[in-house]
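Database features, via TrEMBL:
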- ARG74, GLN92, ARG97: substrate binding site (BINDING)
Amino acid sequence: MSMGHYTNLTDPRTELEVVRDWNGVDQVVLRSPRGAYARVSLHGGQVLSWRNDRGEELLFTSSKAIFKPPKAMRGGIPICFPQFGNSGTLEQHGFARNRIWALDEEHPPLNQNDNNSKASVDLILKPSEDDLKCWPHCFEFRLRVSLTKDGNLSLVSRIRNVNGKPFSFSFGYHTYLSVSDISEVRIEGLETLDYLDNLSQRERFTEQGDAITFESEVDRVYVSSPNVIAVLDHEKKRTFVIRKEGLPDVVVWNPWEKKSKTIVDFGDEEYKQMLCVDAAAAERQITLKPGEEWTGKLELSEVPSTNCSGHLDQPGII
């Protein structure tokens, strides 16, 4: 994606740095004092880029990604709501990732002076008339994306039922991590858990390995998972620490060689450089009564692998 296609805008009221892509869709840029960076598109409320203070991109984006609404872009962190996957009547992963969100005027978009020195943007999605035809429930979805002074990426989703009756939904942060070589990656924190295998009609199995490693296609929903897990990239000597709250499941996906060749907006060999590890509510739907609100949080941090011991023992600290 050539940066030459962007127009820089600065909103003087909010001090947000806003760039406009070639489709005319606004994207908000967040920067930490140490040089970490994140970019969030109002198309889907999707985080498109997250870089550390050395300028290294930490999220995967396919070289064949289609940057044209209403199609969701292949990469970054698409928001899956009100359906995760294809287990329902809606389009794959729901419609939130394909809608244009708005800046949330009711919340201060940038909080540089709070205790954590977070750079934040607040977005909001409300259903359109067309959305209500396919999913007849009134909701307000508020999303806050933040970059901490240490460069950690935080997403907080708050979904409120403003309907006169209860509704249920599933949800996921469909997180495409950038890895050096999938065969050199392992996940810690999901050992001994039950998982639903989407490659076997969601049959339930129990994880047997000491850690999860990859040598073929994987599409699993790990249920009742801990709130902290780690993704270790041996070649880069880098560990992603994933912290979550309100999201009981972790979905792990890599399409491997054969499936990759069937995905239009995905390169044949790109499965080697990516891994999806999604904080999700996928096995059981969340139900909200009228007026109730649900919160689901995700925080991603990147640490040198040598320093990562002990991270899995920490409670959720979002």
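The backbone N, Cα and C atoms fix where each Cβ goes, glycine too.
Automatic, uncurated: that is what TrEMBL annotation is.
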List of residues, in chain order, with Cβ under 8 A from that of ARG74 (substrate binding site) and at least 6 apart: THR61, SER62, LYS64, ALA65, ILE66, TYR176, ILE263, ASP265, PHE266
Other C-beta atoms that fall within 10 angstroms of the C-beta of GLN92 (substrate binding site): 13
Cβ-centroid neighbourhood (8 Å) of the substrate site, ARG74, GLN92, ARG97 excluded: LYS71, ALA72, MET73, PRO78, CYS80, HIS93, ASN98, HIS174
Cβ neighbour count (within 10 Å, all chains shown) around ARG97 (substrate binding site): 24
Taking residues ARG74, GLN92, ARG97, which bind substrate in the record, the widest Cα spacing (Å, whole number): 13
